[in-house]
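As recorded in TrEMBL:
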- 7-28: transmembrane segment (TRANSMEM)
- 40-56: transmembrane segment (TRANSMEM)
- 76-95: transmembrane segment (TRANSMEM)
- 101-119: transmembrane segment (TRANSMEM)
- 154-172: transmembrane segment (TRANSMEM)
- 222-240: transmembrane segment (TRANSMEM)
- 261-283: transmembrane segment (TRANSMEM)
- 289-310: transmembrane segment (TRANSMEM)
- 322-340: transmembrane segment (TRANSMEM)
Amino acid sequence: MKKLKELSQIGSADIMGNAITAFFWLFLSSQIPPDQYGELFYFIGIVATASAFVLFGNQNTLIVYVSKKIQIESTLYFISLMLGVVASFIIMILFYRVDTIFLLFGYIINTLAIGQLLGNKSFSLYSKYMLLQKGLTLSLGILFFIIFGSEGILYALALSYIFFIIVIFRKFRDTKINFKLLKNRSTFIVNNYAIDILTKINAHLNKFIIVPLLGFTVLGNFSLSLQIVNIGMIFTMIVFKYTISHDAQGQENKKLKKLAVIISIIIALFGMFIAPYVIPIFFPQYIEAIDAIRIISFSLIPMTITSTYSSKLLGREKNKRIVLSKIVSIATFIISILILGPFYGIIGLAFSYLLATIAESSSLIIKFEKLHSNKSS
């Protein structure tokens, strides 16, 4: 009963929250042309990639150590925020856009605070903060869009994270910065740091390749396709957020993970068949995205499998294998884009994404089974 209550707290917040943000981004895509939509996601990609290099204490690291009652949070917060200051200067010099700096710090405090809340299993508080942030994304996003146009969107996103400062401030007040705590845990922390960097590169590097190769319009159509995938991944991410703190304490949730895979298959089939009917009605400017969505929907299955194995390995602090799987995924994605993109456009991008997710999950399964067989023998 407790498990169901905790899962429902995370689930209700994530479902409602992601529905709100999905509505916002889908609404925005119906109001602006694909090239402007692509440009927005180009700069979001820059900020998200920068945040990975900044967040030395990333979300999964915090979840694992907070759940184990190791008071390392303030130390990781301090390092991440200082790196954020350095990154903000670099971004300002390269792009001269203040909105990206605000958004960077929004991402930092959001990630640190969520790691803290989930590690403590403060699922009720997590749901409140998440819904507040998503509500602000929608309300401020539409307000700033009406007043400032698409140029105001990144400012609105940055402001939506402001209430997470409360969580960060309280932890700084309650625990001291202690760099000695890093000494015996550096391998796990650095590997997790590398995983986050590789994950963000995998998610956003394509934008920096697509724009010079195919332009902002193709990126806009591809970004809409990825938004659909993100909606399809909601249940999987709910399960992952729930299981990682339990895996860290040696509590398996096999049935729940199997259910996540089954649901991902159903959603993938739904995306395959429904896209040709929905896109022309609601997003007539994004007709080119239809076939891409049909292909990319099937990436939900390997992505869900990856999340279940990642939860197990992170819980055991065996994250080196995740690092290797991310490298495989990135290499597959980049090579596939360079080969398929120029010839097949957005269809080539969709197949590249699908191949990368399959390569990542396959690599992780092989590494995990090898680890499991070695332990058994």
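Residue numbering: from 1, along the chain as shown.
Each Cβ is built from the backbone N, Cα and C atoms, and glycine gets one as well.
Counting residues 6+ beyond its ends, the transmembrane segment (40-56) has Cβ neighbours under 8 Å at 28, 76, 79-80, 83-84, 86-87, 90-91, 95, 97, 99-100, 103-104, 107-108, 111-112, 150, 153-154, 157, 189, 193, 196-197, 199-201, 203-205, 207-208, 211, 216, 219-220, 223 in the same chain.
Proximity of distant same-chain residues to the transmembrane segment (222-240), defined by a Cβ-Cβ separation under 8 Å and at least 6 residues beyond the stretch ends, is recorded for 7, 10-11, 14-15, 18, 22, 25-26, 29, 34, 37-38, 41, 206, 210, 253, 256-257, 259-260, 263-264, 267-268, 271, 275, 283, 286, 289, 292-293, 296-297, 299-300, 303-304, 307-308, 310-311, 346, 349-350, 353.
Tertiary neighbourhood of the transmembrane segment (289-310): same-chain residues 221-222, 224-226, 228-229, 232-233, 236-237, 239-240, 243, 257, 260-261, 263-265, 267-272, 275-276, 279-280, 283, 322, 325, 346-347, 349-351, 353-354, 357-358, 360-362, 364-365, 368, selected by CB-CB distance under 8 Å and a gap of 6+ residues from either end. Residues 43, 46-47, 50-51, 53-57, 61-62, 101, 104-105, 108, 112, 168, 171-172, 177, 189 of the same chain lie 6 or more positions beyond the ends of the transmembrane segment (76-95) yet place their CB under 8 Å from a CB of it.
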